């Protein structure tokens, strides 16, 4: 089920990033920092009163090209938040009071058909009611005074947010249905690829309204299997004036990734891997989803007998954090290799649900430590005492060790590589958690 999205909207310097960090506890992703992942801390998951949701920050945005009018950019930002988020936090500055930009945003948010909270930041003394009562004039209900930097009243704000979060959308979680998110930056051919895949299917069962309000999820059958394609065709930039708003497109990709079983990460082969490609792929990696790299527009690439191997090397180098993901070169236009896509989808979906018995895992673990013992650190050596698989989708393993500080990243990578060589898990990230069983005395 997709997590609800809470968007923080407001002009620059009102404290959006501070509030973002306060609401999300400043968490870091569970996954290890790995070379090659371009991380964009635009979003983080949060949990309050046992409700999970994703907070999206527009902090750090320069409201763009100063030649463009502020009002137009703010207008687009607010519209994007209205379209994509489930709950909107409109943050204003209690010290500076109401500005023309605040009024411009409020005028748009008053039309929103979803909860909007007017949050007045930088209020350290709640007895100074006049500092935030003026904001009633924005027509967005009762202002909620907070101090994001000190955490004052943010608990009450979270209580209010959780109270209006949408309930479980009742999505079909049929384990036999594979949900496929087709993601990628604008103009890489996502829509063409979706249409080409569907065009090959004899039976298109139905169009299902998705959780993103203007998206359509398409269900279809092939060879007795049910698939749902999650449409992210709306992820596109519409002009330079929306430079700031482009970051809101991440909300659609987040929704799609969150709801999916398998992610098709579409890259324009004629342009190669870009920084934006790496950011979007990083979302899927951090979400723990099975992934297939689809290099589209292969028909536009001049070729010789070594072209594909050269591309493979470049893609693996640029996206080293997705080394586990299979790659396929296709053309939505000419239909080249399109049937292979669903074969790979089936394969990585099965890999994501693999479960290895504890006894087999520990047999391999003993062999790993016998053949390649962990290096010593100040005279101490890591001992992995026991490992067990605790989850699938993604495969998750808990290691019990003598000293977690000795389980260095390089040795974790070695263990992961041996796990993959032995058990497969192709196309899926693996999660390792380390638990300290004992501290040995020297």
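Note: Cβ is positioned from N, Cα and C throughout, glycine not excepted.
For 4-169, the entry in Swiss-Prot reads domain 'EngA-type G 1'.
Look at Swiss-Prot and you will find 10-17, 57-61, 121-124 tagged as GTP 1 binding site. Residue environment of residue 10 (GTP 1 binding site) contains 25 other Cβ atoms, counted within 10 Å of its Cβ in all protein chains.
Under the heading domain 'EngA-type G 2', Swiss-Prot lists 178-353.
Cβ-based neighbour count (10 Å, all protein chains) for residue 187 (GTP 2 binding site) stands at 11. Feature annotation from Swiss-Prot assigns GTP 2 binding site to 184-191, 231-235, 296-299; the stated evidence is sequence analysis.
For the domain 'KH-like' (354-438), the model's pLDDT averages out at 93. Annotated domain 'KH-like' per Swiss-Prot: 354-438, in sequence order.
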Between the Cα atoms of residue 298 (GTP 2 binding site) and residue 10 (GTP 1 binding site), find the distance and write it as a whole number of Å.
42
Round to a whole number and give the Cα-to-Cα distance in Å for the pair residue 13 (GTP 1 binding site) and residue 190 (GTP 2 binding site).
36
Measure the Cβ-based neighbour count of residue 184 (GTP 2 binding site), defined as the other Cβ atoms within 10 Å of its Cβ.
24
Residue distribution over DSSP helix, strand and coil in the domain 'KH-like' (354-438):
32 helix, 24 strand, 29 coil
